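The N-acetylalanine annotation in Swiss-Prot covers 2 and is backed by similarity to another entry. Feature annotation from Swiss-Prot assigns topological domain 'Mitochondrial intermembrane' to 2-32, 77-117; the stated evidence is a curator's inference. For 51-59, the entry in Swiss-Prot reads topological domain 'Mitochondrial matrix', with the evidence type a curator's inference. Summarising the annotation, Swiss-Prot assigns transmembrane segment to 33-50, 60-76.
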């Protein structure tokens, strides 16, 4: 039998937006949703203050939410992917440095011997 969890150890369920997007574990999701919500309020309220049309202001607010959320999402994911590529390149460089250090394949060693000649 599996041991029952103790009362003070509650199992934490992830928060899923619309049952699809796991906001806690997906990179950039939380920030995108928060900025989209703020963009929705600003655009909807701003449009209402200018035109005093309620229905159109709600539509503008929804559009603002979609545009700001997608804009933040793509910007953040692009930066996240760029950072992962840079980390991978650095990791491979460090691995090669460790692997080839003090061997006849070491590029720094070849440069030093060519300069001293």
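Any Cβ shown, glycine's included, is placed from N, Cα and C.
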- Message: Can you work out the mean pLDDT of the predicted model over the topological domain 'Mitochondrial matrix' (51-59)?
- Response: 93
- With DSSP as the yardstick, break the topological domain 'Mitochondrial intermembrane' (77-117) down into helix, strand and coil residue counts. 34 helix, 0 strand, 7 coil
- Note on the structure: Its residues classified by DSSP, the topological domain 'Mitochondrial matrix' (51-59) shows 7 helix, 0 strand, 2 coil
